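Peer 1: Grabbed the feature section from TrEMBL, which reads as follows:
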type: ACT_SITE; residues: K215; note: active site, proton acceptor
type: BINDING; residues: G19, S20, G21, N22, W23, G24, F50, F107, A163, R279, K308, Q310; note: NAD(+) binding site
type: BINDING; residues: K130, R279, N280; note: substrate binding site
type: DOMAIN; residues: 15-182; note: domain 'Glycerol-3-phosphate dehydrogenase NAD-dependent N-terminal'
type: DOMAIN; residues: 204-352; note: domain 'Glycerol-3-phosphate dehydrogenase NAD-dependent C-terminal'
Amino acid sequence: MAPSNQLEVPQKSRVTVVGSGNWGSVAAKLIAFNTLHINSFHDEVRMWVFEETLPSGEKLSDVINRTNENVKYLPGIKLPKNVVADPDIEHAVRDANMLVFVTPHQFMEGICKRLVGKIREDAVAISLIKGMEVKREGPCMISSLISEILGISCCVLMGANIANEIAVEKFSEATVGYRENKEIAEKWVQLFNTPYFMVSAVQDVEGVELCGTLKNVVALAAGFVDGLEMGNNTKAAIMRIGLREMKALSKLLFPSVKDNTFFESCGVADLITTCLGGRNRRCADAFARNGGKRSFDELEAEMLQGQKLQGVSTAKEVYEVLSHRGWLELFPLFTTVHEICSGRLAPSAIVEYTEHSARLPLLESPVHLN
């Protein structure tokens, strides 16, 4: 029998959060609570911070480490002391075998290319990012981008998750999407799950990720309806049509997507909360109230304190996919949202569906949906 000093000790997992915005900081808070209480994780959680100089002249990362608070993106919320802000991305990821990506989706390709050859060979990833890259050959989901560039497994976590509510520990749910390895999915569930943040896993990465991505486009439509004071009936209709288009497009792009995924937290629940209270809805409301005369860039800068609006860029990316494949007429809501955002149509066009009504039943066709 081998001496006790030669027994193999299970390696503890080290976690790094790549991103430190509003949701990234909340994710770090959730994770850091669990790493302190679960023996299979190292206590310390590194959080990569895109360095900024605050009005006080101090560096954001220094202030986070001194005060345990992200004063710019999550003010008033204390982070656990085992969250360590690190402005050097290569240093932040070097020792981690569990990487949590939570940055605006438009920055992810550049971030991944910087990390090639800089991460552990046994690393796995999870993406909390809502968006897609559109390339000539078609849409590329962020989880696929991470897997392809870094050569690692990547799950996704999506759900009805308005970050500021989770930060103050109001009850919420989320969904982990995984491909084949249920054991890795269960490790991610263990890392995120708390009494106020209930996480479940489903074997459907594309379905979970597309729900999280496409609902931001529907939220813009809901915001236009709010800004034009069209009422709750209209908003409910927009949400229903939006969910139908989310499901139809997801299944056309990835036939493996499961119907049940749309009834998880990542699906209908995320759609509802985003259409009621998310940043995309808020900015679209302001856009409509101003008659489309103020740009989304201007509204984002004024209203979001440095956070990024995902829905407008996603609407453009979805439009490019639909246009390339000749599907614009099949998806009147998605098409109209982009045309409003780009100034081609007035916000009121969001409910002018009569010319499309004959085409809408195509979305109900079993050919497309089953």
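Just so it is clear, glycine is given a Cβ too, placed from its N, Cα and C backbone atoms.
Note: TrEMBL annotation is automatic and uncurated.
Surface or core, plus neighbours and distances: that's what I need for these features.
Peer 2: Of all Cβ atoms in the protein chains displayed, 31 besides its own lie within 10 Å of the Cβ of K215 (active site, proton acceptor).
Close to G21 (NAD(+) binding site) in the fold, though at least 6 residues off in sequence, lie Y73, V102, T103, P104, G306, Q307, K308, each with a CB less than 8 Å from its CB.
For N280 (substrate binding site), the Cβ neighbour count at a 10 Å cut-off comes to 26, with all displayed protein chains included.
As a whole-number mean, the pLDDT of the domain 'Glycerol-3-phosphate dehydrogenase NAD-dependent N-terminal' (15-182) in this prediction is 95.
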Peer 1: If you count other Cβ atoms within 10 Å of each one's Cβ, which of the binding-site residues K130, K308 has the most?
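Peer 2: The residue with the most neighbouring Cβ atoms within 10 Å is K130.
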Peer 1: So among the binding-site residues W23, F50, who's got the most Cβ atoms within 10 Å?
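Peer 2: In terms of Cβ crowding, the pick is W23.
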Peer 1: Within 10 Å of the Cβ of G19 (NAD(+) binding site), how many other Cβ atoms are there?
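Peer 2: So the number of other Cβ atoms within 10 Å of G19 (NAD(+) binding site) is 25.
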Peer 1: In whole Å, could you give the widest CA to CA gap in the NAD(+) site formed by G19, S20, G21, N22, W23, G24, F50, F107, A163, R279, K308, Q310?
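Peer 2: The widest Cα-Cα gap among those binding residues is 21 Å.
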Peer 1: Checking your reading of the structure: which of the recorded positions K130, K215, N280 lie inside a 10 Å Cα sphere centred on A163 (NAD(+) binding site)?
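Peer 2: Matched recorded positions: none.
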